[in-house]
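Take a look at the structure below.
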Amino acid sequence: MNTGGIKIILMFSFPSCCDCLAHICRRKKELKARTVWLGCPEKCEEKYPKNSIKNQKYNIFTFVPGVLYQQFKFFLNLYFLVVACSQFVPSLKIGYLYTYWAPLGFVLAVTMVREAVDEVRRCQRDKEMNSQLYSKLTVRGKIQVKSSDIQVGDMIIVEKVKLATAIFLLCVCVCVRVCVSASSGSCFIRTDQLDGETDWKLKVAVGCTQRLPADLFSISAYVYAQKPQLDIHSFEGNFTREDADPQIHESLSIENTLWASTVVASGTVIGVVIYTGKETRSVLNTSYAKNKVGLLDLELNRLTKALFLAQVVLSVVMVALQGFVGPWFRNLFRFVVLFSYIIPISLRVNLDMGKSAYGWMIMKDENIPGTVVRTSTIPEELGRLVYLLTDKTGTLTQNEMVFKRLHLGTVSYGMDTMDEIQSHIIQSYSQTQSAGPKVRKSVSSRIHEAVKAIALCHNVTPVYESHASVNGETESAEADQDFSDDNRTYQASSPDEVALVRWTESVGLTLVNRDLTSLQLKTPSGQILSFYILQIFPFTSESKRMGIIVREESTGDITFYMKGADVAMASIVQYNDWLEEECGNMAREGLRTLVVAKKSLSEEQYQDFENRYNQAKLSIHDRALKVAAVVESLEREMELLCLTGVEDQLQADVRPTLELLRNAGIKIWMLTGDKLETATCIAKSSHLVSRNQDIHVFKPVSNRGEAHLELNAFRRKHDCALVISGDSLEVCLRYYEHEFVELACQCPAVVCCRCSPTQKAQIVRLLQQHTANRTCAIGDGGNDVSMIQAADCGIGIEGKEGKQASLAADFSITQFKHIGRLLMVHGRNSYKRSAALGQFVMHRGMIISTMQAVFSSVFYFASVPLYQGFLMVGYATIYTMFPVFSLVLDQDVKPEMALLYPELYKDLTKGRSLSFKTFLIWVLISVYQGGILMYGAMVLFESEFVHVVAISFTALILTELLMVALTIRTWHWLMVVAEFFSLGCYLASLAFLNEYFDLSFITTWPFLWKVSAITLVSCLPLYIIKYLKRKFSPPSYSKLSS
């Protein structure tokens, strides 16, 4: 048995080489209802999808065209492809072919290698998941099969803590644990990876198969199931056994199924596979992964278009000044090619390599161990986020309930005083055994009554691990009533209930056994108290309470116990003056409160109730209302016993992390599949909603009129958090999408509960459309995958329940608290560095284009290149590449400062580091420096043109190195190395550049002073301006640093 909790992701990602063509070419297969024969996949009428995971973007045929499409859909790369191709036309040829094709080929090679590495990693992860072994039942016995080989119709055995990989219908549920007897045919499953709900769900086997002998292949039976659909809360089908006389027909519902991405929590399940692969509910609710493009890339793409426009205008001006003589159209194109360096191809290379460097730095950060960068193209997005959409279960909380508080009205007990309760219980039961408690209202007896009520009023079942004998048969602990504490665990539909029963065990009153009609408690002295269960009234989201009527075996006393939410119980219990106040106090502490009450019934009272209750259950019309009315007749003037407080343990440092993100100007929305009360409680306890903030709970609405009224009521509220359910949200979005999103975006926090995976993704897309701000989604379960893929930046947490979210995400972290450093430090650095790097690379291209323009205008507007061959290649690579790329090591503030003052993050979201304003400043710098370098060289050169080239090019290299030094804010030793290495490379290469330079001239003093003078004039004013700006108008971060 696997006890490690294997998790399998079922996500299908179609090759996205060209989305529009793919959608045209691919005909969507129509989903149909099906007939599935037990254990006979060969009888299936149709071919069903393979039960395998596929996260790859490409296959062997679509990889090259797919990657090329993704590259050339950007204007920058497409532009360079056209320019490079133009060099094959003799009349348009400006320089050597390799000066155009080598950089372009290098860019494509780097991109393809990176994509290939990512694709191989995805393939390996998929292969690992598809190779998970499961037990399959065949005529010859049990065999092991890979999860990818599971077919519709197979009989699969799913053991405890093993994740389902397909959608099953439970045929037989044989529990090897004593949670239920084998004959009851039921088990619990966990669905938090599918719908986000923390409650365990009870699943029931098909009745007629549960009574069969061990061999399921001795019968001829089939299942008719509805077609695959999105709804995870419903299922319709029929089970038919043909070989019986007469034929046996049973209707099937959601309680007979086990969905993919759910975990069996108790027992062992044998199921027939109904849906596989992309027809499972979890995959149908998962959106396809899209190729994400960062906002910075889009901004740079816009700037390159502006540069291209400037390039065309400059070329037209040059041709116009020529007087449009001769083949002017050819000359125009030659000028366009000549000025093509205004848009540097190295921009793409530098940015891509920078992104890879940022990813490496994130993964090597010791403060956030285990962080993985899965999408290396969008690290800058981490520095531009405005909305963070987070899951609750497993992300903000650990889903581990701990009993924290017991309040009796006059006295309250916390974690540090639980030993007092234990001593009272021991004392109370020792008195009961001797003479019974004398004083009814003593503290000891009140504690005894409260603990007893909590130990009885629940739906918890104690489970005992079975001990396997040599021949593999299990010896049920239930058979010999071995109620030892060592191997007992509790199972229930709600973790709150388990926390309460565990607490009663810790104070001395232990639940040792339970079946459908009775339960047993063990006292501190070891005595077993037996109770008959007469009636159970389960918890519903409408009633918000649950009740139980029990008869004590030893005394025959009948007692009605009830517990529920304070809003439901306040009108049921006798008048008191403390309940409302204490509930408010506990809620502010983030505790989930339950009010516990009881009512003693005489035999006559109970018989009268039972008769009315049974009669109501038999009525044809308004059965539910009549049953509720009968139960409510009991729920009057009940004796208030206690108020309990249970805490859902938060993940480590959730509160300070949320506060950090709020101070950074990030708006946080919590999207969960859990109940409204639970979600509201966690929002308070995690300080997602601050203590002094009001909460507006959006009332359930079902039509346009109700939605209109509730939106108007909400509009009148100011600075309050919003809590809304998925159903109400759907109605609001159907009729008042714009108004709702506008109001919700003004809230400091929003909580959406009972959200389906599809709704989570829909909310992300709504925020993107209506606000145009960058969104981030974070989650840990399979139900968060759609949201993570839809967001501009998806972060997955490797939770206890597996890796569905982390594998689908762009960034994977191990704890929620790591998101603070990921955004404040790495997001900031990535964005700031890429903005500086991108603009500097463009400056490098604009300065040489300015020099070319000055040169052409002086020499009668000739379309002749200023620098040829290796000079141009060397300028873009070995001479300036390393210092420019070293900007990826720059930082404006230290990591500690960025975390201490998260308000600095707000400036990043405004996009001021890369805007048309900053771009214009760089254009002016480039024009100034290019003009000075070219005119200076032409004024100072003496006799030969080759001297102009030598002076201007050397001054250009020195200017670029000095400009890098001017741009750097925090020096790193590698930056110094890069500067001197590049300078050394240039000086060393001068010996081999006799084709371009006069070697006898460049070793003379006139050359040195002319180069120095031009370089000084081009750079010194900028250094002076920078000094004055930092002195009189320093940026916010420099004030903090000082």
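Keep in mind that glycine also has a Cβ here, set from the backbone N, Cα and C atoms.
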Item to complete: Select from 59-81, 151-173, 841-863 the stretch of residues annotated by TrEMBL as transmembrane segment.
Response: 841-863
Discussion item. Rank the binding-site residues D780, D784 by how many other Cβ atoms lie within 10 Å of each Cβ and give me the one with the fewest.
Written reply: D780
Item to complete: Determine the mean pLDDT over the domain 'P-type ATPase N-terminal' (44-101), rounding to the nearest whole number.
Response: 81
Discussion item. Could you state, as a whole number of Å, the largest distance between Cα atoms of any two of D391, K392, T393, E497, F539, K563, R592, T672, G673, D674, R754, K760, N783, D784, the listed ATP binders?
Written reply: 33
Item to complete: Using DSSP, tally how many residues of the domain 'P-type ATPase N-terminal' (44-101) sit in helix, strand and coil.
Response: 29 helix, 1 strand, 28 coil
Worksheet item: Which of T393, N783 has the fewest nearby Cβ atoms, counting only those within 10 Å, among these binding-site residues?
Response: T393
Item to complete: Quick one: of the recorded positions D391, G673, R754, which has its CA closest to the CA of D780 (Mg(2+) binding site)?
Response: D391
Item to complete: Rounded to the nearest Å, what's the C-alpha distance separating D784 (Mg(2+) binding site) and F539 (ATP binding site)? Just drop the number here, would you?
Response: 27
